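Colleague: This is the structure, below, for whatever I ask next.
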């Protein structure tokens, strides 16, 4: 597996997802949860995937990890490559073997994601013992190291404890330590700070970006918090109704969003530097996945929508300057639209 | 953990005491309504008043409260508790100490229960596990159908069919092939033999266990299905562990908690089944002893045996609670 960083200036992508489409068979018909998603992560870079719940951001990362339940899920087309290996053609067993070892995942809600009946130390090193045949004693030492790494105080004692004896923030640290146990090159963090209070959220995010910088990992951060994105991400993929509606560097996307949805998302962040009354909200709700509107899926909620948006779906990627894309008929207009 | 167990033991004693007291009230009421069981000692003969008085004294039935309907007879109850505390459990009407009867009968019933419990767990875990793993497929439907079929066959039907259709030809064949004292011949023997208590108990025990296994199959299936979809199982899979490892250490391990709890609950039901099984297979066990004692109005035996059964149940519940705590760390410190 390649970890080649920048030899000629351009980073080699570690993980590359291309034109991924995933469907779910439901009693109400087939639902397209992800449609034509592409992204890539390189060593040392952070990609934020942003979107509302149901936008397909978690489903796509489960597909990367080989954790989709098939059926009901079905990968219709696309490719997921890790360091040149096509994961989708590997078969479930080999696919999962890559995961954990090379790609690891931090799940949201650590209380549910940790097994309540095994000690934290046991779970931290489970993969090392089961897959690498590490001895029990070495594993305990390694578990203590891992807890130290994520700054859980008193690690020696705490490896013997169970998840329910940890606070929410400490549990999430355990989740992170567990994902790091096999020294992965890519880490997927699926809303790692939901259900935590704000100060703890900040600590966890700082810890994640420190570890990422230190190990030069590729980090995929799945979130709906645009504030977090601004702090840690290098690149941003905004998803809406299963599609990547905008992809750009974090600087460009905050400076001039090129999709009305991104624009609306940014508009709904509370800001300290602006006095104002209520927060801006995006009118309407995300579409019912069984009944995605015709044309552009966002048009019923879009301030820029015109007749063409109701009739024709926008091109999946409108290329814009600075290597950014937007799936909008009026991408350039939106980008150049002056609001403030 | 120590405090948890202490509390459970104390609760167990309290339960046992309440069972004994309730039993005492019921037997007292039965004596007050039906007349003096000391009469039963004489069978058809009419005893002289002095003979009757002597027997009443011997069996502790001479207290005048037994003639007063509605009197709770606390005095004899306290007396009996004192006797029990000294290890004196009284005698049967035939003069055999209750402890002696129990020590002969109880091991057979306990052997039966061991076989029954193992059968429950083996059938329930295997079939329930397969059904959960292969949810919605033919094997799942087949196993669920089978569990309903098992429910529809009560234990006495199973035993009748086994005893009159299978047991005789099988044991005859085994005797001719392997010799009359060989293990196969004993296994299929149509009735219990005290010299080969284990061998002759296995098949009746398996049948009794089979009759109760339907609930286990469904319970294990439901518990494992729920665990298969749990977040922590997904986490385990994300570590790239084999499906076998995930299944053993996460799915089966976590779904064992409700299953163990169920063992404790279903155990009491098995007591009822044991009376039938013991009767049909001529097993000298607690069920048979109790059945006969009730018919004979043998108060000391009834009270002694029921007390022992209650004690066994309390102990089983206690063991289940302790195992439960060992399986699920979350409840240890509650």
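Glycine is treated like the rest: Cβ placed from N, Cα and C.
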Colleague: If TrEMBL is the reference, give me the range from B:176-196, B:197-217 marked as transmembrane segment.
Modeller: B:197-217
Colleague: Is it the case that the transmembrane segment (B:112-131) and the transmembrane segment (B:197-217) have 3 or more CB pairs under 8 Å, with pairs at least 6 apart in sequence?
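Modeller: Touching, yes - the transmembrane segment (B:112-131) and the transmembrane segment (B:197-217) meet the threshold of 3 or more Cβ pairs under 8 Å.
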Colleague: Mind checking which residues of the chain, 6+ beyond the ends of the transmembrane segment (B:12-33), have their Cβ under 8 Å from one of its Cβ atoms?
Modeller: 61, 65-73, 76-77, 80-81, 299, 302-303, 306-307, 310-311, 314-315, 317-318
